[in-house]
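Taken from TrEMBL as is:
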DOMAIN    10-105  domain 'SRCR'
DISULFID  Cys77-Cys87  disulfide bond
Amino acid sequence: GSGLADLTHLRLAGGPHRCAGRVQVLHEGRWGGVCALTWAPPAADVTCRYLGCGPALSTSKVSVGREELTWVESLRCEGTEGNLLECQVKVWGAPYCPHAAVTCAEPGESPAQVG
């Protein structure tokens with residue numbers, strides 16, 4: 001296997017609540033980031049939905065130190081997938097790059113407007 005099953009272990013780290021923060025996946029027992037260079041709104045939508053959060057409100061790139069692991073090099077989603085495994089993913093051993101972060105609405109929150 002490619003180890004892609006690890007993408008089911010997904011979290012948003014370092015944000016104000018569990019539905020916001022840097023996108024991280026667990027691989028070989030260590031959390032690593034997702035390269036932001038190909039990160040797009042559809043991937044954010046899939047992430048928010050998978051985590052049981054409200055819709056994606058915004059995405060951003062976060063500069064990280066070189067000691068930070070980057071597990072996912074590129075990710076292309078349509079936005080309809082149930083989880084990131086269903087997207088086109090290129091994983092493990094990405095070069096140094098900024099990490100993707102996303103802010104989802106908190107569950108039960110109905111944002112007045114999205115976008």
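Every residue, even glycine, has its Cβ placed from backbone N, Cα and C.
Fair warning: this is a prediction, and the values are worked out from it, not measured in the lab.
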Query - Spatial neighbours, same chain, of Cys77 (disulfide bond) - Cβ under 8 Å, 6+ residues apart - result: Ala40, Pro42, Ala43, Asp45, Val46, Leu84, Glu86, Cys87, Gln88
Requested in this report: Around the Cβ of Cys87 (disulfide bond), how many other Cβ atoms lie within 10 Å? Please give the count over every shown protein chain.
Outcome: 20
Query raised in the report: Could you count the residues of the domain 'SRCR' (10-105) that DSSP puts in helix, in strand and in coil?
Result: 16 helix, 43 strand, 37 coil
